[in-house]
Amino acid sequence: MMIIEGDISGQEAVKNVIYGTFLPVDDPYPVTPPIDHDNETVSLAFLISLSVTFALLMILLVATAAYVMFCGADEAEYDEETGEGSSSSVTGIHTFFGKKGGGILLDSTFCSPGQFDDEEALREQEEQELPKMSKFEIELYKRSREFQNLNPPLVKEFGTYLNTSDRQFIKDRGIQSYYFYPSINDNVDKYGNFLPSFLVQDKLDVTFTEYNKSSSTLLNYPLPFNKKEAVYFEVKIFKFPTNSNTIFSIGLVTCPYPYFRIPGMSRYSIAYESTGKLRINNPFGASTLLPRLQEGDVVGFGYRYKMGTVFITHNGKKMMDVTHNVGVDLFVGLGALNASYTRTYTKDGLLEDPDNVDIREALSQGREVELPDAIQKVYDPENLTPVAADEVELQVNLGQVGFVFIEANVKKYGFGSVLGEIGIPPAYNGDEIKRNAIIQKGEEMPPKYGFEEGDRNSFFGDIHIYEGHHQLEAEELPEGNGGVTTTQDAGARAATDYERVSSAFDRENNDTTKDPADEILHNQTAANTTKPNKTSNNNNKNHNNKKRNKRNKRRK
């Protein structure tokens, strides 16, 4: 490095050399370094190429979006029960923006055309399955078909069932606004007494009684939109005897749903059956894909809004995503069936079920199959002696308490606020109201009464028993008996005088011991004695006149 002499210091010279701004002062022909214009040229070319690239990408994205909207096909559907897949094309702008208006389920057994709408295929299935059923099951199946023909299920877009008033009520009351419908009055005895199929307690606790044959109940409102990723509920099996003759199911259904049919056996319903079967619109044989339920288990159902996915949990563990692309309003449904009246769940039907591995192993080993007496054979519900169903109690949790499924607790998948925006009534006995002058309360009850004798300013005044108002009169009497007259003596004397006067009056006017006839005779006798007798007076007068005449004659 060269150090420049002169006024410029060595440090400044080094800086000039480093930054390239120093020119030798001794050079007679200083040469200015050429100016490089390539930087601006490179920057302009880079910007042009970047703009072209973005334009091409935008054109590609627009073309892809147009293809997906108008020419694309949805992904293949998957049948969770049969394992078969089928593809269906649903076009429209709703699919592109994630709305499920076109398809209800990717599961082909839920609502895809050609499944239950194909009358020929349905007729063939009926010819194959109905002979395996009992008379009671066939009757339920036919009633269910007729019910849904007369009352078609409401298959509309999610969130369109409620009106403005219902939304406001749910917003105000929260989970407190939900409850299960009561039992229909269709089960009576020969005397006309109502025999309820189930009882609803505390709005969300359902108990299926011994009188139940086949029934179900729905929640009064569909699944809500809680502004989270999903909505979720759980059902705890609080009471369910071992080897019970009651079959129950928990699931989601559309409205209206046959009140005499358990969820999963009619159109547009999905349910987890207590036998472990997963039923999706399936009144016939279903596959056992889930664990058998027993007392103490907790079953959960969830619905993810974005993909329309329905998933199931068992004791806090996620089992499977059952269906996809569900875009309709679904209701929580509970149902129970008396298996004694069915062939499907009695001995013959259980032996024919390929999923009953334990029974088949027992038969292959030559062991006798042990079943409860209630499901050994098919009973007729029209018999005079009905078969009592085992009671089953189910408790539904919509988020009023913690979930067993951890994800639902962390992400708050409940139905909403427990108490709503209105909340609970204020506590009028709290410490915060003691500072409010408007709602200040009075003295503590009971009040302090004055019990001192002679205290007229007390609550009841100066009152003495058996004396009454004579006390004041006694105080005004003149002093006697040596100037000593007590209040008690005056009151006693006044009371005695009153008794005497009243007794005399009663004897004179209210004597009921006298005979009325004697009274009349007595009055007449008294009147005769007091009234003068005219006849006797005349006789006396004549007698006196005769004596006077005789005296006068003698004198003459």
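Here the Cβ of each residue, glycine as well, is placed from N, Cα and C on the backbone.
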Where Swiss-Prot places N-linked glycosylation site when the choices are N338, N383: N338
From the candidates N39, N163, the one which Swiss-Prot records as N-linked glycosylation site: N163
Cβ-Cβ neighbours of N163 (N-linked glycosylation site) (radius 10 Å): 9
Residue pair N212 (N-linked glycosylation site), N338 (N-linked glycosylation site) - Cα distance, angstrom, rounded: 7
Fewest Cβ neighbours within 10 Å, where candidates are the glycosylation sites N212, N338: N212
